[in-house]
Amino acid sequence: MADGSEEQPEVRKPESVYGVGDEPDPRFSLANERTALAWMRTALALVAGGVAIVSVSALQGLPHWSALVGGAACLGGALLAVRAVTSWARVERALRLREPLPSPRALASLAGGVVVFAAVAVLLAVLELLSGGSS
Amino acid sequence: MSTFPDRAGLQPERTALAWQRTALTSLVIQVGGVVLALRLGQSVVAILGAIIAGVTSVTVAGVRQRFVELRDDERGYSPHRHMVDVAVATGGAALVGGILAVTVASR
């Protein structure tokens, strides 16, 4: 402008993140963004796995419970997608405030969920095998 | 030569490609859900999935905007809206998968 004043910067949302602290190194912000996207793809992989299990269950005449295992994977994927967004916001806020980064709690949840998921799948498969063998 | 001289390590390119991978994965999964719904004769779920797939296509197109933002070193940006869009698309795919799972299990 003629008077030398700078343009009004755009208001970035969410304000709970961008309304605090100072601008961090762009590399850190971009790394945080890519990490969130990696979580999002993990969530998508869970949903894809769930849909695949449901497909196999429906089209190959597998026991009905196997479809519920797929449904649980879909639900886990949806929850993880929400978590990816909230984790991104928490980390970005910490970066702006020059605070220690929050611990990746979703990682422990995901690992625990996968172990439980695998254990349930194995248990149900063994039960199905035993019931099939006895008939 | 990088078009982003102020940012080492090809950061914007890597981030843009991460967006592209995520958005395309999201779209592919939606298509899988719709095909499965059609195979199961669940036309209502298939229509729901098709609508969500359409919305996801808009999201994929919207990722282009993120590319533009990443090329602009001067302007502040926020990936939040795009991220929420992808999360909603993921939730939609999960919803379709969940409905199909209940449908198959209750047969």
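Note that the numbers count up from 1, one per residue, in the order the chain is shown.
Glycine too: its Cβ is placed from the backbone N, Cα and C atoms.
The domain 'DUF202' annotation in TrEMBL covers B:7-68. Taken from TrEMBL, the feature transmembrane segment covers B:21-38, B:44-63, B:84-105.
Mean pLDDT, taken over the domain 'DUF202' (B:7-68), works out to 86 on the 0 to 100 scale. With DSSP classes pooled into helix, strand and coil, the tally for the domain 'DUF202' (B:7-68) is 58 helix, 0 strand, 4 coil.
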